[in-house]
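One structure is given below, encoded as structure tokens.
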């Protein structure tokens with residue numbers, strides 16, 4: 001009660017206090033972050049030096065700490081023997097060792113009865129003692145009891161059928177004593193022992209090799225459900241095998257597929273011959289052990305069960321030595337064994353090739369049984385086991401037992417449970433049990449010959465029944481995880497019906513299949529933003545989540561491989577309303593066989609080929625386009641998006657629109673391809689000496705210009721409102737080669753469709769795989785990789801609001817305001833208009849220092865101004881209120897780069913310039929009050945200078961126009977970038993531009 005109160009007060013104390021963090025930093029992409037922060041290389045300790053020589057590698061790779069860790073890994077007993085607590089653990093280990101030793105003696109005696117192989121009992125004893133010592137030194141489980149396990153040894157029946165030493169009567173359950181008088185009996189018996197020894201030797205070699213090669217990781221792929229199901233199936237096999245001792249009858253023993261059903265049928269047939277005394281002794285033992293569970297002994301705060309197994313074995317052994325009972329015991333079986341001890345010999349290596357399959361199945365079954373049992377015990381006591389070390393330990397145990405002509409050893413399910421519940425805490429209990437077993441078998445073997453087999457069967461069944469409790473937990477497991485429940489049922493049914501070896505293989509294969517399905521059936525979530533936070537969640541989970549206009553965020557919840565990358569592709573295309581359409585035949589023909597007449601008619605589709613270099617390959621075979629595209633210009637869109645998408649012209653166009661993502665490769669070719677781009681994409685503008693069109697013509701000219709040039713986020717563009725796609729790779733730790741190819745194709749397809757793809761939260765290993773596989777190109781650069789999802793969203797919003805859009809400034813403030821915290825609203829929103837006007841300039845400075853230097857903005861700026869002047873004058877005369885609030889505190893020189901580049905204005909004195917500007921300001925309102933815009937007279941030839949007042953009035957009008965900043969920033973970047981740049985980066989003085997086709 002006091003603990004609950006303290007927890008409640010703790011929770012109340014910290015839930016009432018809101019924790020707020022406020023972080024101000026730059027938006028980082030992967031390229032900028034790597035430039036500002038140096039990666040840590042291989043160093044020696046805390047010294048920041050590069051390890052370049054072999055001596056440095058040896059010095060840094062070898063240390064006293066690493067040596068100790070290696071020794072503790074190879075010899076785990078050094079860890080617990082140095083920390084052993086004698087006062088707390090000694091009594092429990094002694095009692096557990098005595099109980100296990102006394103149980104192991106009769107189990108060794110009746111081993112021949114269950115495995116149907118007459119193995120000398122002293123050979124089993126010596127091999128079990130040596131194996132226990134080896135596992136204490138090399139094993140990692142503290143409560144494991146190593147020794148013979150009859151279910152594993154029973155798998156050798158298929159081997160013994162090839163060389164039966166008593167005509168197979170022992171396997172069939174009929175003991176004919178006359179067989180032992182045959183002269184060839186001893187020869188056949190020695191051959192069968194050699195077969196067992198060779199199989200055990202090869203099993204040990206396989207297990208030792210698996211441990212050396214680190215194959216223990218395979219056990220980690222088996223979930224807890226598969227381990228629980230396999231142990232439950234083993235427990236059920238044990239119960240069925242003990243029916244021989246419980247009923248006191250002998251039946252023919254089967255091993256292999258469907259053997260479980262065959263054995264049940266045989267027991268049902270022999271049930272009328274059951275021994276009632278054996279059944280009564282079995283019930284007595286089970287009741288006594290059940291009562292013992294209610295008796296608890298505590299020693300130094302550690303619970304210890306009363307050693308009832310020790311009392312039952314000693315009591316019934318003493319009772320049967322005084323009173324004759326009509327029940328089955330091991331005395332008859334011991335009399336049938338011709339030798340009590342066989343000296344160690346080398347296995348017969350000539351028959352190893354004949355037992356490879358049997359050795360493989362035995363090695364897998366014994367290894368998995370040991371590892372799964374050790375993991376279950378270790379989880380109960382809150383420590384970890386080393387699967388590779390256990391494989392090495394059990395391999396050494398089987399190698400040693402093969403020289404004693406003994407069967408395969410593994411962890412015993414019943415003895416391990418007895419050692420655990422009797423109070424054993426460390427492997428010292430296993431040493432005590434092995435010593436007790438050796439002492440009793442050497443000195444008092446005959447004392448246990450009269451122990452009833454039913455009593456031993458009751459002890460074994462009482463300790464393995466708890467493993468069947470997993471069957472009762474199936475409904476709850478189904479509610480928790482259906483995949484785990486299916487794995488449990490498949491493992492259990494296959495191990496029961498097909499045997500432990502085949503069932504294990506089926507369980508492994510099915511578990512791998514389920515894990516593969518679950519890992520590759522990845523979830524692609526569409527994320528939205530929690531308002532006023534940098535938290536992004538699934539749009540279907542929370543009501544408060546809002547979608548960011550124009551930005552689609554997709555989160556990949558697992559690794560991306562060749563299996564699920566197509567699912568990701570279809571999901572993204574579906575959410576963005578795009579479909580994959582093959583090129584039509586006429587479009588392909590137009591693309592590659594366009595005639596010169598068609599080029600002359602439509603100069604917007606003119607493609608220039610450099611014959612000195614090879615034509616770049618078409619990167620996107622199938623063009624990603626919108627289903628509701630305009631039919632009249634589909635060929636133009638195909639040429640732009642599919643053919644010129646990998647060329648220089650489209651490359652420069654996209655870089656003008658997205659200055660943040662300028663790659664290093666494109667910077668080298670941007671100056672060379674600028675003239676070609678100008679010819680290929682600029683519309684047919686009127687010459688300078690032609691009269692300006694009226695307002696209606698200006699509007700149609702602007703519309704045709706917007707249709708001819710791919711203007712982002714416009715209604716006439718062949719795309720919807722989505723301008724940025726963000727892929728959240730924070731949960732992705734691996735991308736294979738095929739997935740990289742598909743991702744690159746996706747990025748190029750969206751790049752050609754004028755949609756920017758950003759990737760956020762990439763792990764370092766994923767970035768390295770991108771770099772190794774040449775993932776980055778024109779469609780996706782390293783500058784498009786952001787450290788966090790919020791960085792990518794901020795970049796997408798700044799890119800959106802720095803260009804003309806359909807949103808008003810109020811809507812822009814509302815959208816951007818949601819990305820700031822409450823504490824930043826007052827400070828940041830006041831400068832929102834200033835920041836939106838300079839976003840591209842700042843982005844170009846971050847993306848590439850030479851971006852403003854490489855662009856050539858001064859070549860056709862005056863021409864663009866002449867086209868824009870009629871529209872601006874018409875808007876001013878009609879009283880249109882744009883309400884863009886772009887009256888910034890900037891100089892006129894910063895707003896109008898054209899005035900700076902005019903040599904005649906710059907040559908005038910300042911006083912004369914100011915007086916002329918004041919005169920123009922007084923005459924300007926008269927111009928604005930005119931109801932209609934009259935056509936201006938035809939300008940004079942370029943050689944004659946224009947009158948100064950008229951030119952200054954045009955310059956002033958352009959500087960005061962709000963759209964001037966937008967279109968200048970969109971096409972060439974704002975003039976602030978030129979004013980801030982060093983003197984050598986300022987563009988040259990602009991000259992009049994003559995079109996080649998002007999009249």
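Yeah, the Cβs are placed from backbone N, Cα and C, and that goes for glycine too.
Residues annotated as compositional bias 'Pro residues' in Swiss-Prot: 684-696.
As annotated by Swiss-Prot, compositional bias 'Acidic residues' applies to 893-903 (among others).
Summarising the annotation, Swiss-Prot assigns compositional bias 'Acidic residues' to 912-947 (among others).
What Swiss-Prot lists as compositional bias 'Polar residues' is 973-982.
Under the heading domain 'STAS', Swiss-Prot lists 541-796, citing sequence analysis as support. If you average pLDDT over the domain 'STAS' (541-796) in this model, you get 62.
According to Swiss-Prot, the topological domain 'Cytoplasmic' annotation covers 1-93 (among others), on the basis of sequence analysis.
The topological domain 'Extracellular' feature in Swiss-Prot is assigned to 161-200 (among others); the stated evidence is sequence analysis.
The annotation topological domain 'Cytoplasmic' is assigned in Swiss-Prot to 222-230 (among others). Below 8 angstroms of C-beta separation, residues 368-369, 372, 375-376, 467, 470, 477, 484-485, 487-489, 491-492, 495, 503-504, 507-508, 511 of the same chain, each at least six residues beyond the ends of the topological domain 'Cytoplasmic' (222-230), sit close to that stretch.
Residue counts for the topological domain 'Extracellular' (252-268) by DSSP state, with H, G and I taken as helix and E and B as strand, are 10 helix, 0 strand, 7 coil. Residues or ranges marked as topological domain 'Extracellular' by Swiss-Prot on the basis of sequence analysis: 252-268 (among others).
The topological domain 'Cytoplasmic' annotation in Swiss-Prot covers 290-305 (among others).
With a cut-off of 8 Å between Cβ atoms, the residues of this chain six or more beyond the topological domain 'Extracellular' (327-354) that come close are 106, 109-110, 112-113, 118-123, 162, 175, 177, 180, 185-186, 189, 193-195, 197-198, 200-202, 245, 248, 275, 277-278, 281, 320, 402-405, 448-454. Annotation source Swiss-Prot lists topological domain 'Extracellular' at 327-354 (among others), citing sequence analysis.
Residues 73-74, 76, 138-144, 211, 214-217, 219-220, 227-228, 231, 367, 370, 416, 420 of the same chain sit 6 or more residues outside the topological domain 'Cytoplasmic' (376-390) yet have a Cβ under 8 Å from a Cβ within it. Among the features that Swiss-Prot reports, topological domain 'Cytoplasmic' is placed at 376-390 (among others).
The topological domain 'Extracellular' annotation in Swiss-Prot covers 412-427 (among others).
As annotated by Swiss-Prot, topological domain 'Cytoplasmic' applies to 449-453 (among others), with the evidence given as sequence analysis. Note on the topological domain 'Cytoplasmic' (449-453): residues 106, 109-110, 113, 244-245, 248, 278, 281, 313, 316-317, 320-321, 325, 327-331, 334 of its chain, located 6 or more positions outside it, place their CB under 8 angstroms from a CB of the stretch.
Only residues 6 or more beyond the boundaries of the topological domain 'Extracellular' (475-494), in the same chain, are considered here, and those with a CB under 8 A from a CB of the stretch are 223-226, 228-230, 232-233, 502-503, 506-507, 510-511, 514, 518. Summarising the annotation, Swiss-Prot assigns topological domain 'Extracellular' to 475-494 (among others).
Residues of the same chain lying 6 or more positions beyond the ends of the topological domain 'Cytoplasmic' (516-544) and with a Cβ under 8 Å from any Cβ of it are 483, 552-561, 563-564, 567-568, 571-572, 575, 728, 789-790, 793, 818-822. Positions annotated as topological domain 'Cytoplasmic' by Swiss-Prot, on the basis of sequence analysis: 516-544 (among others).
Note on the topological domain 'Cytoplasmic' (516-544): DSSP counts are 5 helix, 9 strand, 15 coil. Here the transmembrane segment (355-375) sits against the transmembrane segment (201-221); at least 3 CB pairs are under 8 Å, leaving out pairs fewer than 6 apart in sequence. Ranked by number of Cβ pairs under 8 Å to the transmembrane segment (391-411), the listed stretches 94-114, 118-138, 428-448, 495-515, 545-565 are led by 118-138. Touching of the transmembrane segment (454-474) and the transmembrane segment (140-160) is ruled out by the presence of fewer than three CB pairs under 8 A, sequence neighbours closer than 6 excluded. When DSSP labels each residue, the topological domain 'Extracellular' (327-354) comes out as 12 helix, 1 strand, 15 coil, counted as helix, strand and coil in that order. At the 8 Å Cβ threshold, with sequence separation of at least 6, the transmembrane segment (306-326) lacks contact with the transmembrane segment (495-515), having fewer than 3 such pairs.
Sorting each residue of the topological domain 'Extracellular' (412-427) by its DSSP state yields 9 helix, 0 strand, 7 coil. With Cβ pairs under 8 Å as the measure, the transmembrane segment (94-114) is packed most heavily against 428-448, out of 140-160, 428-448, 495-515. For the topological domain 'Cytoplasmic' (449-453), the DSSP-based tally of helix, strand and coil residues reads 1 helix, 1 strand, 3 coil. Among residues of the same chain six or more beyond the transmembrane segment (118-138), those with a C-beta under 8 A of the stretch's C-beta atoms are 74-77, 104, 108-109, 111-112, 144-148, 165, 170, 189, 193, 196, 333-334, 336-342, 389, 392-394, 396-397, 400-401, 404-407, 409, 427, 430-431, 433-435, 437-438, 441-442, 445. The stretches the transmembrane segment (201-221) and the transmembrane segment (545-565) do not meet in space: the count of Cβ pairs below 8 angstroms, excluding pairs fewer than 6 apart in sequence, stays at fewer than three.
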